[in-house]
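Chemist: First, the structure itself, so that you have it in front of you.
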């Protein structure tokens, strides 16, 4: 028996077909953009290394909604519930602090074996895995510096942690048959004005070069680096600025991570995609929703999320852009947060941008994509309840004359 939902689906396909859209093909194309869900929404970025420890690095998960995952089994169970409510291919993004071991493991000594349960689970759920070194919430990051630390021993500890993380990432890719994108973000910065902005960046540059010096199979592992404008406790100076990492990714041909919340509130990453793609091989996107700062609210089906997806689809960047999510809201149901954010990202990708197949404008012609000829004449409000009238009054119609047979205004 055909359900009401199935009937609506068939009608929708017919309506789209009438304007030249093959819905089934659109969905097949959508499957080329798996969304990497972030594990840390499920436990407020606590991890399993020291769940009772403080969250540092300028990161905050506000709220105290009950039901936070307390161990790997609970986190995976919550993820399975979320995955069951999200269509299409997915991935999971892990941080190093989500390792599993019977005994404490120093971060510079993590190994693939500490993540074998995640790989087994990912295989069972047909997921790819991505990875991140965790350069925060640790005694050796307490002063706000890691890969750019002035102390050689501390800096080497974090270099070794990132090198070990790359091997874990390559293990994921080898085991699962899909490359793991490993993103490096460090909180390094200063709360107030610093006398030397150059030396920490020189140390970060050299440290990153050492981190990526071991050649790994690109079929298994992809390096990415991520900038940030500022953080709590690092308001005046961030070592890994946008300019630093744009230069690094360009010169070293790594992937560049653009986080929606890591720029000035008036900047949007949808406008940065086309510029970055001219110089670097790949982009990693951390889709989030900043509210006045890097607040990491749950992703909505809003203008910017749709603009991000439109840039990828319009310019056929399916094979060069990796979509990840990065939000953590502890004030609402965490499973619901995963489902809402991931589905909204997928909905944005499903919304085909207008004008995708339009030919390029002739040289010297400015094409007004926002209002094709006659748009004012046809401007109406369409609502579920029915036709509510024309948006424009009679005096605003083409030539100042109302169109015959139409209402003249609201």
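Every residue gets a Cβ built from N, Cα and C, even glycine.
Worth saying up front: this structure is predicted, and the values here are computed from it rather than measured.
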Chemist: TrEMBL has 294, 296 binding Mn(2+). Which one of 220, 221, 262 is in the same site?
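Modeler: Site partner of 294, 296 for Mn(2+), according to TrEMBL: 262.
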Chemist: Need the matching range: TrEMBL marks region 'Disordered' on one of 348-376, 377-405, and I'd like to know which.
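Modeler: Checking TrEMBL against the ranges 348-376, 377-405, the region 'Disordered' one is 348-376.
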Chemist: Can you check which residue among the binding-site residues 294, 296 has the largest number of Cβ atoms within 10 Å of its own?
Modeler: 296
Chemist: I want the residues beyond 262, 294, 296 whose C-beta is within 8 angstroms of the mean position of the Mn(2+) site's C-beta atoms, in chain order.
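Modeler: The answer, listed by sequence position, is 228, 259, 260, 261, 286, 288, 290, 293, 295, 326.
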Chemist: If you count Cβ atoms within 10 Å of the Cβ of residue 262 (Mn(2+) binding site), leaving out that atom itself, what do you get?
Modeler: 25
